[in-house]
Structure formats: structure tokens, C-alpha cells
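Here is the structure we will look at.
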Amino acid sequence: MRTLWIVAVCLIGVEGNLLQFGRMIFRMTAKNPLSSYSNYGCYCGWGGKGKPQDATDRCCFVHDCCYEKVNDCNPKTATYSYSFENGGIVCGDRDPCKRAVCECDRVAATCFRDNLNTYDKKYRKYPPSQCTGTEQC
């Protein structure tokens, strides 16, 4: 399974912190990040439009908004340092940009964990045509 995740990351495109974010998600939720969160609702995955469909989709919406606020580096390629401590994630990078990216990912992974009870498989592979309305960051 681990090999499949690494191969999938390579096929999607090499993105520095994508693997780090995936590890955070797995550690916090015990779910496969690729199959469970890469194409969920209107905001989990690349792009996003419309209104978030549930609490998990809102986690992705907030994550997208967080990335939009990151300055001085590309949040999709910036690698950062972090650790797992006492059931949580601790961002440890001193570089302000990398730390901001880590915080975006930490908050999202924690949000996924906190909303596991409302995760709904019907939002996997959700059709973009169903994503209507607008939501502001």
C-alpha cells in the first residue's frame, strides 16, 4: 500500500509537501489520504469551487484558503519539518514560509481527524457539476 501511495504521488506530479501532508493525514485519521481525501466534495483535491458539502470538505476549503495566504514560497512544493507529539502535530521549521505551510497542513489534518464521524463516502469522486454557489475565504 505504501508503494502504491508513493507511485500515485509520482504520477500526479512531484510536489514537495504532498507526501508530508499525506503522512499527517494518515497519522491523524488512519485513512489512506489518496483514496479518502484527494477527490472528496468540492474542495479536497486540486482546485475547488462552490460551497463545501460537509465538515470534511470545509477542512479542505479552509486549507485552500490558508495556502492562498502563504507568501514567499510555493505551498505545494515547500518542504518543512514537523513531528508527532502527544497525538498532535508540531511544526518545527524556523523559516516563516515553510512554517506557515506546515501550519496549514497541520490544521487540515487535525480537522479531518476531528470530523471523522461525519465523513461520508458519497462525497468521494463528487462531480464538480454539483459544486454550485460561492464561498469566500
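Glycine is treated like the rest: Cβ placed from N, Cα and C.
Among D54, D64, the residue that Swiss-Prot places alongside Y43, G45, G47 at the Ca(2+) binding site is D64.
Partner cysteine of C73, as given in Swiss-Prot, is C97 (from among C59, C91, C97, disulfide bond). For C137, the cysteine that Swiss-Prot lists as its disulphide partner among C59, C60, C65, C66 is C65. The disulfide entry in Swiss-Prot for C60 points, among C44, C66, to C44. Per Swiss-Prot, the cysteine from C59, C66, C131 that shares a disulfide bond with C104 is C66. According to Swiss-Prot, the cysteine that forms a disulfide bond with C59, out of C111, C131, is C111.
Taking Cβ-Cβ distances under 8 Å and a sequence gap of 6 or more within the same chain, the neighbours of C44 (disulfide bond) are Y37, S38, T56, D57, C59, C60. The subset of recorded positions (G45, C97, C137) lying with their Cα within 10 Å of the Cα of C66 (disulfide bond) consists of C137, given in sequence order. Ranked by CA distance from C91 (disulfide bond), the recorded positions Y43, H63, D64, D105 have D105 at the top as the closest. C59 (disulfide bond) falls within a helix when secondary structure is assigned with DSSP. Taking all protein chains in view, 18 other C-beta atoms sit within 10 angstroms of the C-beta of C91 (disulfide bond).
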